[in-house]
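The annotation domain 'ABC-2 type transporter transmembrane' is assigned in TrEMBL to 2-187. Annotated transmembrane segment per TrEMBL: 27-50, 71-96, 108-132, 144-166, 227-247, in sequence order.
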Amino acid sequence: MVVVPLIFGSVFHGMELTTSMDVLSQLTFIFVATSFLCISMMTTSLPFVSRGRNVFYRECQCNMYAPAAHSLSLAVVELGYSVVLSSVFVHSFYWLCGLDGHYTRAWLWFWAFMTSSVLLWSYIGQLLVFWLPTPQMAELLGGGLASLSFIFSGFMIDVETLAVVWRGGYWISPVHYMLEGIVMAQYHHQTAPVVDVLTKTNVAIRDFVEGFFNHTFSPDMIGRNMVLLWVVIGVVQLLLLRCMTAINHTTR
């Protein structure tokens with residue numbers, strides 16, 4: 001995770017935002033880089049948690065530790081790991097990619113949302129392992145959940161364009177809350193003009209970004225998105241504890 005952000009960041013190193021396509025390229029790269037890290041956290045957690053699941057079952061049979069103690073230990077370990085990993089990734093990626101270094105809150109929100117999202121997806125990986133009987137099934141379902149979350153994140157299709165029956169996917173997608181928080185914190189204060197490649201007129205970066213998302217993303221929702229992201233984390237942790245308490249995939 002040290003080499004990856006360096007590779008990502010070097011792609012846009014020294015890039016200046018002069019046209020709307022430059023802004024769109026930077027937006028796309030933020031979406032791809034953050035999504036990559038979230039997916040990586042979930043997929044890499046699956047084999048480790050799967051091996052630890054057998055240890056958990058043995059200790060439960062011996063009445064050594066309660067499921068709540070195991071769940072808490074997994075949560076604490078992943079929290080520390082996610083904070084360190086996200087810090088390394090954000091420090092390397094943010095500055096190399098040429099994101100806003102003059103507005104401290106933009107960087108802090110980027111790091112906070114990145115850390116929370118990485119933590120969430122590692123917890124989702126844990127939940128899938130303890131819920132499903134095999135790691136292979138966890139990988140398949142995890143990949144499907146991740147794909148749906150990214151599709152309904154609002155980047156490729158905004159909520160106003162979605163059919164009404166599918167809008168629920170937008171509101172339950174944790175990637176939507178991460179993306180809206182990062183993008184709005186990064187661009188809502190940027191009023192520098194860029195050339196719109198379609199109309200050949202000048203447009204403020206902030207206005208172009210808000211128009212790209214069909215004005216469905218709002219800077220007023222940054223704090224709310226962080227709270228909702230942690231609500232999802234809490235729900236995943238409760239489901240994990242329930243699975244550890246009620247489900248046992250041991251075969252005799």
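Cβ coordinates are placed from backbone N, Cα and C, and glycine is handled just like the others.
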Counting only CB pairs under 8 A, let me know which of 71-96, 108-132, 144-166, 227-247 has the most with the transmembrane segment (27-50).
108-132
So which residues does the transmembrane segment (71-96) touch in its own chain, when a touch means Cβ under 8 Å and the partner is 6 or more beyond its ends?
1-2, 4-6, 8-10, 12-13, 33, 37, 41, 45, 49, 52, 107, 110-111, 114-115, 118-119, 122-123, 126, 237, 240-241, 244
